[in-house]
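**Student:** Starting off with a structure, shown below.
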């Protein structure tokens, strides 16, 4: 057993919470406080009723989420909002949210981990938000067909390939989750191949015109890495168990 | 015992909730849902931890408030925010907020009741917000000294008198709570005496220059009428008891 | 051969162009003027270099598109922008854009056609933009499994199913392209099953919490209907041939 | 007798006018120019018709005010606006406004003087506006009851006490005039007792929830210090007499 | 001699002051109040120090201006601002501003009078601001060369001709003062010849591309008509003399 | 013959394009790309249909303009917009826009050249936009009458003189094109004589009140210098011919 206060402090420091500005609505940090003790760590992508219920069933009392509770702040504690809070209170389940800090962290960030899993060596960043880059670049290490195979292995259910760029790729950009904000910078960065989670339909045409390869692994699927890595770190540090709460989101 | 659903529906209709636009942050209506049954009605001006705790101690499970829970929406359910929600859950206490609908209602609105208590006959409205007037006017029925006495009787602790207008008043304006939005309309409405709850320091000078009598009864003290009247109505309708939760706010 | 002017006038009237307000950037109507005569009609979803080139190769000189040329207005006629314009000039290819008018049209709109293809009878509209509803509702005619089969037939490559709602569906909502703007209205409209083209990852969680079935057919795939229907109408009217320019967009 | 130009220059320097950004509408500095000579200095809180008239009656030809003439800029020189200007012209009365510079000045600022009168030693600032702190902090030197007595002595008519904090106070914050902007910072600064001029009703509930002692001395009453101190300084410097114009404002 | 109050009331009615919304900064109506009596009327285009001084020299005590005193509201009554007010007080000179009401009035408006002077019959309006058209249209009555001659007669010093339209003009648009807001509407109104006061350099190129004749008579020169007509009306009505204060502005 | 790419690169460097922020809509740099080779340089003030046509007639294939193509971005390539692009494509005419960089350049900027032509020695800058001054100052070298003569020589058709300042000028400000943004700074800079291209009618009154001499040479006429100087530089560098395309704009 560990104290909530210590775990929150550790998470804040590990993710550099205070130094990293985030989008309005993120409100990183402790989002729901429990009684004060923690016995088991959980990781989930979304702060939803289903993840909360599953976490409670598995005895988790500290749940790390990537998408927190306040993107659409409640304006009445009724219906689903009430159920979510009641689930948290009833199961003494604390919720900790960490968004951009878990995207851009050089060790436990979504981008960094995805690059490692693809065997790539990150050599720079792009898509600056306030003072931090939230996407990474890496030199290509093999041709497009091999890269596609690796991605297919990581995201077997969700991978979408739009191969409008060169077969012999030179430079790769990675931005997990939504890749929208990276699109305007790709050409000027010399990126010919962009790996992300999710894009909108309009980007298909843009990819054709920019002659860029796009690989979409799924917003959810590309953002499970960071919460798991932080959960594992916390669990190690405080000698607790941890578990990933998978909702199988296909988007 | 009555069903929460029926009480909420009754309150919505009695206050014409859907027809009256309110300020952003008001979010009138059921703000916190309880298990579904109600046994005792409460009325309070503010949705605060102290009123919630006092209401719970007195066995109230449906609390009507004038200033609801979302003027500053929570962005972390920790500390005081958590305590408030826990108090509500633990005591099965529902919260119903009604702001402008309880200011401008012709029977159970704060302005209408205050006018009645002063023996005044409302003959018009002013300070329009969207489609409704939220302040009232009435012809004077006696001179300034007598009016001041009546007000002193109603607001013995909080009354502030700024008598820069005529002794023989002609026309009275009333706006409970903050009177700020009424100031620019006073002269054009022929109002020489304005009764309100609260004003800012800058209005003293304005009163002197406009040659208007200002009587400030206290924001809190002038806004206890509406919530009590609605609570009494609900209690009558559903054959329940009701109680006012007084916090003694001097402002 | 027909005159460009007559065709544009016909399209404007057929789509009620002037009566339907659209998003900034749509700029519906003739977007690129050719020499003045038209011999073959084309239909495409996007106004991109690849569709323009394919249309030119097939002898098309009047291309109807759903997503026009000005969502991101050019600020230098260089590179791809220059190539697009040169392709249009060199091939005497006129471009006509029609966005919301081809979503909400009761006969040749994307929603109406998709509903017909699913055997559904539209009985109302929702998601109002200015003065027109851009989504439709219909009573369900069979259970979820059968509906899914029909959708799989229409969108074999792109269909994503998120079945968080009831098996016995009651009420269906349809909004082709991006379904985002429909989400807040689903519950209040009694819609338990929503068919759209594209949603963002955050809507998976919302679907689970609202207990709604979501079927995503692909933004592109659900928006090929309207441009084809208008092209066919124009071709019939002016006794010309028409062709659909398919780019195989997987999004 | 002194030259207006020299007095204005002295006031500008003494208050660091150019270095201190102020709210829109403050327009610190010489606001109304007289013929060019000054024989007697006045100090008033508000730039109103009554203070102007009183100052003229007492032979003042240079009036320092805290709340200047342009918070609501005139859009017609008629009625009261005309009377004010005519009073100034007819009595050759110059007006000098100084708002935040007379709040935050370490010697002649309202906060600094109030702290001195309470025997407190200022050890820091808070509530930053642009580049300057406009509120001060000080360690407590005695318990709450003694502090209350001192305040009662300074503000006998206007003091309002909301004692929701500890009896043994540790840390005191002071912001004369409106205290609203200080509220969000109190807890993070470790302030358990806040002395200010004026607050709104909503802050009573906040005080209860934050467990903070609030003492409200009156907006006007807490802002007489700075203008008097500057007037005295100017009078000393130029060997003139000075007088405070009291309007007895109860707010 | 007449009473200021009656003259202001007459001007308000004659110009339909309350019904005509104007740009922010216009503040039409009495802008500076004198002692209450009027003996001589003046008219000027601008509310400046020179026109005020000239008007005072000629014994005027009610000056009608087109461009009033508040386009740039004063934020210190020093220097020129002080001089202007002092000139008004010292000479008991009232100022009455009327902007759009004196542009769009069908009898005494700048546009209507200019059309009459050119022998044109106004048959419509354009450039709507809130609920009123502020420009007029008229069918051409002669060719371009004759029109130019008439204009040269009216504006001998200031006329600028940009003749990029047809020699045989069909339809004329008139907007005195700045013609900028009319430009986007010219072609859709079928106007081939536009008479205005002032345009910016960018409109030369636009005129060439739209193939429109532009005649610029000078902002000042085209806006002397309305103030004179109102002054004459007032003088007649109240049996007073009137005079135009000409500053010879070449712009 | 030279390569377009090299000429664009030279122009970018010569004008410090990347370092100088410009107004939205300027979009300095290559605005329309031709086939890639350049044989003759042109200079024009405006990117209009007439200048494009004249340039094409004279065999120009690289046209430098001061006011580029995107101040009002096209939203349909029809009518005049189509004609302009077709003229460029058909004549293989590239367009290069340079706005503020050609105003503020110390050698080839409009202000610097105008100062030289007047025999003035620039000793400072004012009217800062982002990080650069876009106007210049110079000590006067002769009295007003002589300066007026020199200006009359440079701008014989367009010069407007508003001589409300001193006859013995001390300090001169220059801002070619629109002088509007310089007006608020003139007095504080000690400028008694301001030379610019274009002002609005309201500035006549301001000049009288500030007691400043205004000389308006014409927006167009004062901005022909920079494009010509750059064209000449480019022509020299690449051993090409150049020509100025004069449209005789009187504004």
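From the backbone N, Cα and C atoms, a Cβ is placed for every residue, glycine too.
What TrEMBL says about a protein is an automatic prediction, not a curated fact.
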**Student:** So TrEMBL lists E:66, E:67, E:219, E:223 for divalent metal cation; which of E:22, E:37, E:103 goes with them?
**Tutor:** E:103
**Student:** Return one of helix, strand or coil for residue E:67 (divalent metal cation binding site), based on DSSP.
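**Tutor:** Its secondary structure by DSSP: strand.
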**Student:** Counting every protein chain present, what is the number of Cβ atoms, excluding its own, within 10 Å of the Cβ of residue E:103 (divalent metal cation binding site)?
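**Tutor:** Result for residue E:103 (divalent metal cation binding site): 28 neighbouring Cβ atoms inside 10 Å.
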**Student:** Looking only at Cβ atoms, how many others are within 10 Å of the one on residue E:67 (divalent metal cation binding site)?
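**Tutor:** Excluding its own Cβ, residue E:67 (divalent metal cation binding site) sees 25 Cβ atoms within 10 Å.
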**Student:** Validating a neighbour-count step here. Other CB atoms within 10 A of the CB of residue E:223 (divalent metal cation binding site): how many?
**Tutor:** 27
**Student:** Long-range same-chain neighbours of residue E:66 (divalent metal cation binding site), Cβ under 8 Å, sequence gap at least 6?
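**Tutor:** Counting only residues 6 or more apart in sequence, the Cβ neighbours of residue E:66 (divalent metal cation binding site) under 8 Å are E:44, E:45, E:46, E:97, E:98, E:99, E:102, E:110, E:223, E:226, E:227.
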**Student:** Sequence gap of 6 or more, C-beta under 8 Å: which same-chain residues meet both conditions with respect to residue E:219 (divalent metal cation binding site)?
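**Tutor:** Listed in sequence order: E:177, E:178, E:197, E:198, E:249, E:251.
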